[in-house]
Amino acid sequence: MASCVYIPVQNSEEEVCVALDQLPRDAGDIVDILKAEQAPLDLWLIIAREYYSQGKVDQFLQILDEGSGPEIDEYYADVKYERIAILNALGAYYTFLATTGPPEEKERNFVMATSYYNKASRIDTIEPSTWIGKALLCIARDELEKLEKAKENFRIVLEYNPKHVPGLLGQACVLFMMGEKEENIRKSQEFYKNALENYRESLRLFPNCPAVVRLGIGYCQYRLGQLGKARQAFNRVLQLDPDNVEATVALGVLDLQTNEAGNIRRGVEMMEQAHDLDPVNPMVLNHLANHFFFTGQHFLVEQLTETALENSGDHPLLKSQAFYNLARSYHSKGDYDKAGRYYMAAANEIRRPKDFVLPFYGLGQIQLKLKDLKNSLSSFQKVLEVYPENVESLKAIGHIHAQQGQFDKAVETFKKVTRIDPKDSQAFLELGELLLPIDANAALEALKTARNLLKKSGEDMPIELLNTIGVLHFEKEDFELAEQTFKEALGDGIWVSLLDEKLDHKVNNYGNALNLRDSGLFHQLEEDNESLDLPWDKVTTLFNYARLLEQRHDTIKASILYRFIIFKYPGYVDGYLRLAAIAKARHDFKLSIELVKDALKVDEKYPQALCMLADLQLKTDDWLKAKETIRAAKDATSGNDSYANLALGNWNYFAALRSSDKKGSKVEAMHLEKAKELYTKVLKEHKGNMYAANGTGIVFAEKGHFDVSKDLFTQVQEAAASGSTLVQMPDVWVNLAHIYLAQGQFSLAIKMYQNCLRKFYNGTDSTILLYLARAQYDAEQWQDCKKTLLRALHLAPSNPTLRFNIGVAMQKYSASTLQKTKRTAEEIRFTLSELENAVRMFRQLCGCTYYHSHGFDEKKFSTHVEYCQHLLEAAKVHCEAAEREEQQTRQRLEVARQVSLAEEARRKAEEQRKLQAEKRKQEDELKQVKQLEERFERVKEIWKSSTHASGGKRRERSRPDDEEGGERRRRRSSGGGSRRRKKDKRMEAQYEDDEGYAEMEYNDKSQDEAEEREFADNPANGSDDDAGAAPKSPDLLAAAGLDDSDADDDMGGPSRGSKKRRAFSESDEDEEPMIKKQRLSPSNSAGSDGEIREAKGNNVHDDEDDDM
């Protein structure tokens, strides 16, 4: 039974029944009924939705436009929810239309949707459905800023109602989309986690929600790497909705990604099941096409992708995936034009490389294949925008930079690859190849790393890699490591036996090892059924190994290997040339020329062979043939061979030297100009050619432009020093020294020659030694010049030029010595010896029969002999005069020496006398000190006797007096202690002064003896007469320092001794430093003694008072 709606008739109980499946074509009738009957607005919306579900969009819009008009707003002013629902429905329609309609109408539709949502918001600002509609509008715009706005709209909905399920689902959807757009992996994971939490919360609030909610949960868990839980979610979706295509495809993708046979089979079955459910679903078709691409069924790939393109509609990502699958199919079949077009179509369908980056990688590969380097670089850079550490894209970019000549960028790119993936052996291999012309050491390290990685991974070691490593060790002159590497690359073979000492007898029996053209050994080995296999990929390595043996001067073994290579590969031209080089080193120019001609039989236009032949012809002074050969080498390369041009330039330079006998001749200038032209041509073609630059500098030097030539030689020297070790150019060092010599900078020239000898020749080249001797001769260092020439003569003993130059050096040294104003007899005697040696040297040269070939004649020798004999006679006269002068000088020196010795003896005697006087003085001082100590001991004995005498008298005093004295002492008890302490201090000071006094110097001994007699005449000393002593006892006690302070109290006035004690007391208290100074004075010795005795007496008196 068809559903219908009932429109109540106004002012009646009747209703108008409208069958929804029989709605009139003209919606105006329905609108009139709705208006006339003032039907509720929810009926308007129900009828409009029905029209839309039947595909009648115009009627749908007509009803909703009438339902949202001003009249309806005015009449239904109190009805908010229905009016908002109608406006939101219009907003949702225009949002959908903007995403599916024509692109040119897209923005207008978005504006219309926005206006309806804003109108709904003005009716009720907190209506959740309006905020959700606005959020969906923002999602439809598919912009990150709009997604943030959508997220904010959903947040507003959830603030009013945290359990609003549509708001939670919308928020989850927005968070998932933001995670898809986020480039930071950690942040994207946070978005996926939050989206998953919103989906779960929706499911807890509404357990009976549609199955697609669980589909969202599965997507989130897949992105979080929770593949097991994602599979559970997709399976639950299929339990609730068995026909859900998205869940079926998702399960198929999970199975295919395991790369296991059983799972792949099940994944394909899931894709086929999804295809059965929806045969035109572009997502399903793309996945199936991707599977059949890997199985090689390209016809199915093309059919499925074409169907997917027809049904993708306006979905750009699905169309891009379809184009990509189609492009890959053509790419694998080698149809690069079609593949490039489809890759480009796939790239144009997506807005950002992040959405689908694979088309850009494929497009870059095709463009690189078609040599479109600029666009290829742009495509790979877009891949790096999404995946900055994609190794394959970085490698491709490195190759592009290398092909563009940007080697620095290429090297930096491959270094980045090795940092990202330190186990990528291919990256290290390619990095090493790029570094070969730039930095040989860095290239060697990169290649060694590649070799180690290949060993660890168990992969086959490329012979080319080992060969390159061996060559680099060879260039560094690490010959042992180079030999080990070459042997590792070659492995086992006949070459091992050829180099084994066990086969020496065969070499001697079957062939001449010294005959560089003999191959009888190898024919005999074939007859003996020896295996002579030489794989083609090992020929270069074997040649390099032979080159190493040659460099180590093992030319016999090297020649055997060269001949073996030629025996197996007769067209290997370099083998002939190396044999020719060995013959040339032996000065067997005839054999060398024959070997070069053998090479030319293989390739008559081989430039290296022609140039070598020209060089040999120059060695044999066949100048015309050499010139023709060099021209043939130049023609063989269409005039572009640098070596041929250099050889021709050298020929013209030597031709100019041969014609230089006629100074200023036009022929010399012509040859020099032609040489300069050829050198310049080479430099224009190859700016870094050091040999051409060196030749140009030589031409400028011959023309007298020394500053220009010096700059050129310096630049070449620096370039050679910073380049490979194989590029050794001693010539530029010699030329630079020649320039210094020509400019008169002898020290720099000498230093340059010496450095060249040490660096390149180990000091064993006679020619460079001759150059050095010439520089020392011009610098007037004749002895050094002679020593250098003697070194050269040791290396070339048959060279008459060296002997002649030695004689000239000795002659020049002798002449300069005799011309000196001041010279010693020793110098003149050495000069005589040098002149005699020079005469002997010149006379020896006169007896030689071959000196004419070196430009000498007998007349020149005779002239030098006569001149040396003349110098010899003059030297003898000078020697006699010098000897006389030397004798006189020795006599003067002897007299001066005797005077000096006498003066030294007198000085030593005076010093001895002073030392003895000082010693006597010290002895006298020690004697005086000893006497003072003895005297002090005697005074101490006197004090002790005086103390005993006064003590006996005090004991005889009457008891009443003692009692009175005791009374007085008790009255003074409070102040007596301080007075005794002051006396103790004075006594300590006096003893210290006496000790210092004992160390003073006393020159007047009679004065000491008088003081001793005066002290002995004193009645207080040693008197036993009590009656006579009684009246004087106070004075005696005072003199002895034993006066009783109680007696002073009994007397009416102070006695002289007491006054003296008070004076001393006051002096001690007020002017103690001054008293100490007086006690140190030798003239106040009596007063000092008195003070000492008084102090002693006071101490004893204080002790007795304490005892009482």
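A Cβ is built for glycine as well, from the same backbone N, Cα and C atoms used for every other residue.
Among the features that TrEMBL reports, repeat 'TPR' is placed at 211-244 (among others). Listed by sequence, the residues of this chain that lie at least six past the ends of the repeat 'TPR' (211-244) yet keep a Cβ under 8 A from its Cβ atoms are 169, 172-173, 176, 179, 188-189, 192-193, 195-196, 199-200, 202-203, 250-251, 254, 277.
The repeat 'TPR' feature in TrEMBL is assigned to 357-390 (among others). As a whole-number mean, the pLDDT of the repeat 'TPR' (357-390) in this prediction is 92.
With a cut-off of 8 Å between Cβ atoms, the residues of this chain six or more beyond the repeat 'TPR' (391-424) that come close are 361, 364-365, 368, 373, 376-377, 380-381, 383-384, 430-431, 434-435, 437-438, 446, 449, 453, 457. Residues annotated as repeat 'TPR' in TrEMBL: 391-424 (among others).
Residues of the repeat 'TPR' (730-763) grouped by DSSP class, helix first, strand second and coil last, total 29 helix, 0 strand, 5 coil. As annotated by TrEMBL, repeat 'TPR' applies to 730-763 (among others).
Residues annotated as coiled coil in TrEMBL: 872-942.
What TrEMBL records for 943-1108 is region 'Disordered'.
What TrEMBL records for 1002-1016 (among others) is compositional bias 'Basic and acidic residues'.
The compositional bias 'Basic and acidic residues' annotation in TrEMBL covers 1090-1101 (among others).
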>> Using a Cβ cut-off under 8 Å, which residues of the same chain at least 6 positions beyond either end of the repeat 'TPR' (357-390) come close to it?
In response: 183, 320, 323-324, 327-328, 331, 336, 339-340, 343-344, 346-347, 350, 396-397, 399-400, 403-404, 420
> Going by DSSP, how much of the repeat 'TPR' (357-390) is helix, how much is strand and how much is coil, in residues?
Replying inline: 26 helix, 0 strand, 8 coil
